[in-house]
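Undergrad: Structure below; questions to follow.
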């Protein structure tokens, strides 16, 4: 131990004696380690830490789908049947999430994300409340007092963490609720939920007419000892029985189970693992740079090390001394890397999408510090072992004889050349990946969403059922009057309302058929996404009218003509080569006002409802008068900046209902930005790492050339004395190292062809072997390599042959 302490002190002394080398080495390591620690902290919070639920590995999501796009929710009656008939679960709960209006004494009303659930929600998920109680079975019975459980963050923000909040009355959607509990800190499931209320379990949710209304997300807890495969077979059997019993609503539907973490993360897991691998390549490049620096440093210390070995120092002692120096550098780099990781983490979180679960818990904690410490040890071995072995293997006699005559051994030169090739190849892989993501992001940004997002303001309103009724004409009167007021505002070009806008996922999926043809059998109707819209919505959104006309206020559900619009994709798929105008369609869904349907009066352009990267699905738009929803999204197209209209919009809403808050206030350009947030995040992070890798590789190449030039002074002096010109010496140096760069480029492009195939789910519209990207990377790399090589290579042309020969 005493010897090790002594070696540690000697290492510190030597590093203090070479401040330039030490600074470059520590900064290089800090960049590599800090970037890895920052990405690891994200991966740890999102992928590795257990969910804030007891035995979360037993939790699953139940999907019920007929193959149509969307979230594959279930209906109320189906949920009851799955819960009663399946044998694999200790509990099953259903939820429906969305924005709700909250009002309480002494505070302004606000819109926030709430979840309505079955009474066993907290029990099934295994989450205990921090204060009060969760739900009881009687809470979901009709006629019972309505109750609410507050989220921990809402409790602290709006109620100042007052324990006396229990028993207080709140108004949600205009209905009085009593606070019975506060959820545990960190629990906000489903994502960003701030309060929970129980369903009222009545005919509106479980009646036979609602079996075709798929609006519930279902989660379940596996019984101890039940495997996922057995449970999947169980729910598949139940789904098959329901399809036989209820062919009109359940024909063609299949059920499956997905582990809860997998259901929450979707394609986030492979993307984060890809980023972790990318930043790992940056660290390898940093280690290669450090190994090259240490090899060059070992050359300058050959005399010292040879003398020590000649005086009796063992090879093991020399090896230990050099590894201790590497360890000290790694420790210093890891320490600075932790500080750098904190800054990088703030940048990552600011760039990251809001819908990645677990990001709220990202922090530099003990786990990240431990990871950084372990990474420091690994890097010390990665960059320190090769130079240490190379130096300790040399013969003292040979080393003493060669000191002053040569710049190093052939073995050392080969090692440096291999490291240059290796780090160049790794940089090429990262550059290709970043280039593919960059090109894919621009392709995705250029996708036509089917509407014009510029100049459009959107916001949500939720008319309380207690004041307006359910599917009542009061809802229609409110929205008709509000839209008239909004259209009269200065600068407003159009205004309308809809159940949801494109890209926000709020639509219904059902079957549709041509009423002039025989009604299809179970599971044989045409799948369509259903939008509920008011007159003026299509114009405000900027939809494109392909043929026919827009919906008008005359297209009512009463005595007026029942009319619908359909999308181009629906027309192409279901009436190929024919005009759908004038056809009458029916749909397998109703809202208490008769089955949806009507005469096709117009064909409009397709919109991307499920994300910009997914192709448009057939769509149909029915008039608001066929549904009369209380919760709608209002869109206003204006000639001015949309958000400047907000104060006037709020005044018009208050004029009709002073207690009605606005929710999800945003422009449609913001909505487009949210749709691009994940690909933008992956692209920015990867290209950032790729540019860092390119910088490190360029610095490494420049350093190796500078070292080679400084140790070939005598050779260059002789060449110049014999008549060589400066430009010839520069070509000699550049040619040797650019050949190494070309080898690294070739190896890297080959590796990139393999690695890029793992990115198919992350890159939109770009082939993994895209020649433009590979060509651009080759040109960029060669250009940077030439610039990095020029300055040190030029030093060879300035050698004074007389001085060089005299020094030798």
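FYI, residue positions are counted from 1 along the chain as it appears here.
Note: Cβ is positioned from N, Cα and C throughout, glycine not excepted.
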Undergrad: Check each of the ranges 49-69, 70-90, 91-111 against TrEMBL and return the one annotated as region 'Disordered'.
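TA: In TrEMBL, the region 'Disordered' feature sits at 91-111.
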Undergrad: Any idea which of 322-344, 391-413, 460-482 is down as transmembrane segment in TrEMBL?
TA: 322-344
Undergrad: Any idea which of 364-386, 502-524, 525-547, 548-570 is down as transmembrane segment in TrEMBL?
TA: 364-386
Undergrad: Examine the transmembrane segment (681-709) against the transmembrane segment (271-295) and state whether at least 3 Cβ pairs sit under 8 A, considering only residue pairs 6 or more apart.
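TA: Counting Cβ pairs under 8 Å, at least 3, so yes.
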Undergrad: Tally Cβ pairs under 8 Å between the transmembrane segment (737-759) and each listed stretch (322-344, 364-386, 771-791), then give the stretch with the top tally.
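TA: Comparing 322-344, 364-386, 771-791 against the transmembrane segment (737-759), the winner is 771-791.
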Undergrad: Would you kindly check 21-43, 271-295, 322-344, 364-386, 418-438 and say which stretch has the most C-beta pairs under 8 angstroms to the transmembrane segment (771-791)?
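TA: By Cβ pairs under 8 Å, 418-438 leads among 21-43, 271-295, 322-344, 364-386, 418-438.
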Undergrad: What stretch of 271-295, 322-344, 364-386 shows the most Cβ pairs under 8 Å to the transmembrane segment (418-438)?
TA: 271-295
Undergrad: Should anything in the same chain at least six residues away from the transmembrane segment (322-344) have a Cβ under 8 Å from its Cβ atoms, list it; otherwise answer none.
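TA: Residues packing against the transmembrane segment (322-344) from afar: 4, 7-8, 10-12, 14-15, 22, 25-38, 41, 290, 294, 298, 364, 368-369, 372-373, 375-377, 379-381, 383-385, 387-388, 391-392.
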Undergrad: Across the domain 'MacB-like periplasmic core' (22-237), what is the average pLDDT of the model, as a whole number?
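TA: Mean pLDDT, the domain 'MacB-like periplasmic core' (22-237): 90.
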